[in-house]
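Participant: First the structure, which I've put down as structure tokens, then a few questions once you've had a look.
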Amino acid sequence: MNPLLFLAISVAGGVGAALRLAVDGILRARIRIAYPLGTTVINVTGSLVLGFLVGLALTGVLSTEWRLILGTGLMGGYTTFSTASVETVRLLQSRRFAAALGTGLGMLVISVLAASLGLWVGSRF
């Protein structure tokens, strides 16, 4: 991998992480619930966008370099499987089983559906 591409992926990852922080902060400030809504919104929208990017890449609309910058970098920094996992465990520890199921299994199912939709839309270009 050339150094400039590596740098671009790294910068995009930082931007994605900053976007995640902003989206989560906005949702926490405006919607006060005990469910980790920010993580769910972030992972579902990130899955949708990543699916779309992959669809564009598969049809040749998006180059390999831009797929790496936007997919691996930006969306990799934006989405957060590890936070979703920890939040699910914390909900289980506090005996909030329905919320844990919604976070753990629900987020996975909805994210896969969102990625499928994004892939379908992206492959139509």
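For all residues, glycine too, the Cβ spot is worked out from N, Cα and C.
Keep in mind that this is a model prediction, so the values were computed, not measured.
So TrEMBL lists the following for this protein:
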type	residues	note
TRANSMEM	6-23	transmembrane segment
TRANSMEM	35-62	transmembrane segment
TRANSMEM	68-86	transmembrane segment
BINDING	Gly76, Thr79	Na(+) binding site
TRANSMEM	98-121	transmembrane segment
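Please go over these features one by one and say how buried each is and what sits next to it.
Facilitator: Within the chain carrying the transmembrane segment (6-23), a Cβ under 8 angstroms from the stretch's Cβ atoms is held by residues 38, 41-42, 65, 68-70, 72-80, all 6 or more beyond its ends.
For the transmembrane segment (35-62), the list of distant contacts is 20, 23-25, 27-28, 70-71, 75, 78-81, 83-84, 87, 91, 99, 102-103, 106-107, 110-112, 114-125: same-chain residues at least six beyond its ends, Cβ to Cβ under 8 Å.
If one looks beyond the transmembrane segment (68-86) by at least 6 residues along the same chain, the residues whose Cβ comes under 8 Å of a Cβ in the stretch are 5, 8-20, 36, 39-40, 42-43, 46-47, 49-50, 53-54, 57, 62, 103-104, 107.
Cβ environment of Gly76 (Na(+) binding site): Gly13, Gly16 lie under 8 Å away, each six or more residues apart in the same chain.
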Participant: Just how many other Cβ atoms lie inside 10 Å of the Cβ on Thr79 (Na(+) binding site)?
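Facilitator: There are 23 of them.
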